[in-house]
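Dropping a structure here in structure tokens format, bear with me for questions.
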Amino acid sequence: MIEADRLIAPISNHFKDEEVIDRAIRPKKLADYQGQDHVRDQMEIFIQAAQMRQEALDHLLIFGPPGLGKTTLANIVANEMGVNIRTTSGPVLEKAGDLAALLTNLEENDVLFIDEIHRLSPMVEEVLYPAMEDYQLDIMIGEGPAARSIKIDLPPFTLIGATTRAGSLTSPLRDRFGIVQRLEYYKVADLQHIVQRSAQCLGLSMDSEGALEVARRARGTPRIANRLLRRVRDYAEVKGDGHICAQTADRALNMLDVDHQGFDYMDRKLLLAIMEKFSGGPVGIDNLAAAIGEEKDTIEDVLEPFLIQQGYLQRTPRGRIATDRAYLHFGIEK
């Protein structure tokens, strides 16, 4: 099994065909945005205040693990403000001219959403600073002694940046965001509501117990919950009568090798490698990546956050350590 095939991976090329469905079931308004109560309450006030002043919303940085709804929240902000949203990502903006082209096409109070903003090149960042602060674009024309700088006025706009690695942002960029929101892993009750809403949007027959079973195994992540829901739907249609109850969901998820903690093959492989190959740790990230045949970034950004948050794994200065809870989960004696 490779990373692209992981059913519970928050990001997967294998499921790009279902991105259209993902967009269809995303909430469009704050009132429909389930969970993240502190974020929703704050953003409701900030948006209303900006509308009362007839101003652009202050620049917004959203960070947190993958799949928690950063893109969804950015689109909700644009919808609530009643403005257009332009979407791009850090790696796509290779040259200053790429960013300049986007900025000069914005209308007043529009939203520019940059995903993976921590991957912006230093050259592009330099162009972004005056645009965020003064709504001006500084562009160099020509080269050498004949080079000159021209300033282009921009309409007021809102930059929304999303990242899984807030610590990788440079201080000058991070300090220019007036609003910073961290998304946390979702509670099971909130995920249950999300699954029920998605089932309704997809026209599925599902009871609350079935939704709860899916929510329990979704690793606190809405994107994973919706993906599991679609696979459970397939199972229910082929092996049952189409209705999703707790028993059907349990059988489907067991077949998919997703256990009651939301662990899949790669989670178990990582924890077992630490316990069996490295005597429980500590083990460095390079050795761990080599042992399980996975990229370091995938381990740090996709696998580890949930395992650490749930208390199965610890990061220490000396390396990764499997906790007592991990040994208990697998029934292995230390």
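One-based numbering along the chain as shown.
Heads up, the Cβ atoms here are built off N, Cα and C, so glycines get one too.
According to Swiss-Prot, the feature region 'Large ATPase domain (RuvB-L)' maps to 4-186, an assignment based on sequence analysis. The ATP binding site feature in Swiss-Prot is assigned to ILE25, ARG26, GLY67, LYS70, THR71, THR72, GLU133, ASP134, TYR135, ARG176, TYR186, ARG223; the stated evidence is sequence analysis. Under the heading Mg(2+) binding site, Swiss-Prot lists THR71. The annotation region 'Small ATPAse domain (RuvB-S)' is assigned in Swiss-Prot to 187-257 on the grounds of sequence analysis. Summarising the annotation, Swiss-Prot assigns region 'Head domain (RuvB-H)' to 260-334. The DNA binding site annotation in Swiss-Prot covers ARG315, ARG320 and rests on sequence analysis.
Help me picture these features in the structure, burial and contacts included.
Non-local neighbourhood of ILE25 (ATP binding site): ARG197, SER198, CYS201, LEU202, ASN226, each in the same chain, at least six residues away, with C-beta under 8 Å from its C-beta.
Under DSSP, THR71 (ATP binding site) is assigned to a helix (H, G or I) in the three-state scheme. Within the same chain, the residues at least 6 positions away from THR71 (ATP binding site) whose Cβ sits under 8 Å from its Cβ are THR87, PHE113, ASP115, ALA162, listed in sequence order.
Per-residue pLDDT, averaged along the region 'Small ATPAse domain (RuvB-S)' (187-257), amounts to 94 for this model.
Long-range Cβ proximity for ARG315 (DNA binding site), meaning a same-chain Cβ under 8 A and a gap of 6 or more residues, is found for GLU304, ILE308. Secondary structure from DSSP puts ARG315 (DNA binding site) in a beta strand.
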Can you name the residues of this chain that are 6 or more positions from ARG320 (DNA binding site) yet have a C-beta less than 8 Å from its C-beta?
ILE274, GLY281, PRO282, VAL283, GLY284, ILE285, LEU288, GLU304, LEU313, GLN314
If you count, for each of the binding-site residues TYR135, TYR186, the other Cβ atoms lying within 10 Å of its Cβ, which residue has the minimum?
TYR135
Largest pairwise Cα distance, Å, within the listed ATP binders ILE25, ARG26, GLY67, LYS70, THR71, THR72, GLU133, ASP134, TYR135, ARG176, TYR186, ARG223?
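The span, Cα to Cα at its widest, is 37 Å.
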Per DSSP, TYR135 (ATP binding site) is which: helix, strand or coil?
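For TYR135 (ATP binding site) - judged by DSSP and reduced to three states - the answer is coil.
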For the binding-site residues listed here (GLY67, GLU133), which one has the lowest count of neighbouring CB atoms within 10 Å of its own CB?
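Output over binding-site residues GLY67, GLU133: least Cβ neighbours within 10 Å is GLU133.
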Within the region 'Small ATPAse domain (RuvB-S)' (187-257), count helix residues (DSSP H, G, I), strand residues (E, B) and coil residues, in that order.
51 helix, 2 strand, 18 coil
